[in-house]
Amino acid sequence: MTLSPYLQEVAKRRTFAIISHPDAGKTTITEKVLLFGQAIQTAGTVKGRGSSQHAKSDWMEMEKQRGISITTSVMQFPYHDCLVNLLDTPGHEDFSEDTYRTLTAVDCCLMVIDAAKGVEDRTRKLMEVTRLRDTPILTFMNKLDRDIRDPMELLDEVENELKIGCAPITWPIGCGKLFKGVYHLYKDETYLYQTGKGHTIQEVRIVKGLNNPELDAAVGEDLAQQLRDELELVQGASNEFDKDLFLAGEITPVFFGTALGNFGVDHMLDGLVEWAPAPMPRNTDTREVTATEEKFTGFVFKIQANMDPKHRDRVAFMRVVSGKYEKGMKLRQVRIGKDVVISDALTFMAGDRSHVEEAYPGDIIGLHNHGTIQIGDTFTQGEMMKFTGIPNFAPELFRRIRLKDPLKQKQLLKGLVQLSEEGAVQVFRPIANNDLIVGAVGVLQFDVVVARLKSEYNVEAIYESVNVATARWVESTDVKKFEEFKRKNEVQLALDGGDNLTYIAPTMVNLNLTQERYPDVVFRKTREH
């Protein structure tokens, strides 16, 4: 049976994100994945090694200085017969909200682990997120050109700490200075390591068969014997790869390599395009939407300001769920019930934009946004429904923002509201006074806000501590009780960037007492966009 041209396009798409602890090598992997997809000819190592060629996927001013990817960018590249969309997620521990929402837009994740360190804190948190949707996970054990921990130990740690079975696909031969390559358990082939630096991909020599004397000659008898012994253990102790269990998020195929040395990344990519799911169905408040439907639907999972410093614009990132986007098509923005013609959608190669003529399920397109699009917005060809599962979290840290020049209040408010719409920070305006309080999930976000207010809105601001422990969105079906609650707690109430009523608690004790006192009021820790 031959598929229609539309279904062929859908079947080709793979959309994934990379999750890792900071410094496990995520940005390098991103570069090398693009290199193997031939998208970047000079895969820029982060921090540019003294040149101005900064890594292609880190592109805001502050990221360039810190060498961390703060904003999520999107890159599309061809690999074999597939078209792969890679969503780059902020690796720094502070940026969990943006990262969290990005993970709602992918069908699969690649977990990168520094093989010298093993499972780290941030990886645990991100895995919890992928668990909520049982996202399939591939694992890449990175940095084999350094001295690493025992590979069996690493697998045990992943299984015990992340509660997912490991199915090794490749197995390392030596490590650090003695790293000789990897053996592929399912192809019965050894790939010999030659370091490829920068953007050169070395021709890899392949030795067929585990008992081939060529193998002993190539890696030395000791390492060859060690490999055979380890493989006996591995095959006895670890899981066989099973595609159904992988798709259910129960086991993860594990690959070993070194992204910096351009080695092993292609084995992982081969696995990704072969096993990862084509675009998956999504739930809305009325029904499930599948990628094979020909009517267009999509949702916005991220908004980013000033991708182009020359244009003071914002771009909304939309994941296509079903149907084909064509230039100039009319779409309904469900939240405001308005039809809009979209003629200038963008596709991305981090920081380079090109106008897109068409896009299919799994693709991410950028919509120019002049303040009318919000995170979580659903676009359809007329059907009134809303995609669910795109969360907003109650922040855990709060600061008051103060102006150095009081005359710039208007620009400050505009800047903060725009930054909150894009999800970089949450802003709260207390009802009882003129303070501006910002809430974040991590400390680094406050520095980002101050830096961006200065560079993008020309507003010099400082932040100072404020007596707020936590915030909850409040609502109630009992109008009378809610009015009484609002009247008696006015001092603790604020409006967030989207004008939703929020209770700002000075202490957790205060929050608990207030919740007990008003059982008819719902205090929410997360809010659907």
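Just so you know, glycine gets a Cβ as well, placed from its N, Cα and C.
What Swiss-Prot records for this protein:
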{"type": "BINDING", "residues": "20-27, 88-92, 142-145", "note": "GTP binding site"}
{"type": "DOMAIN", "residues": "11-280", "note": "domain 'tr-type G'"}
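Everything Swiss-Prot records as a feature, shown here on the structure.
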residue : record           : DSSP class
S20     : GTP binding site : strand
K26     : GTP binding site : helix
T89     : GTP binding site : coil
L144    : GTP binding site : coil
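The Cβ of K26 (GTP binding site) has 29 neighbouring Cβ atoms from other residues within 10 Å, across all protein chains displayed. Non-local neighbourhood of L144 (GTP binding site): A115, P172, C175, G176, F179, F256, G257, T258, F263, G264, each in the same chain, at least six residues away, with C-beta under 8 Å from its C-beta. Note on the domain 'tr-type G' (11-280): its mean pLDDT in the predicted model is 83.
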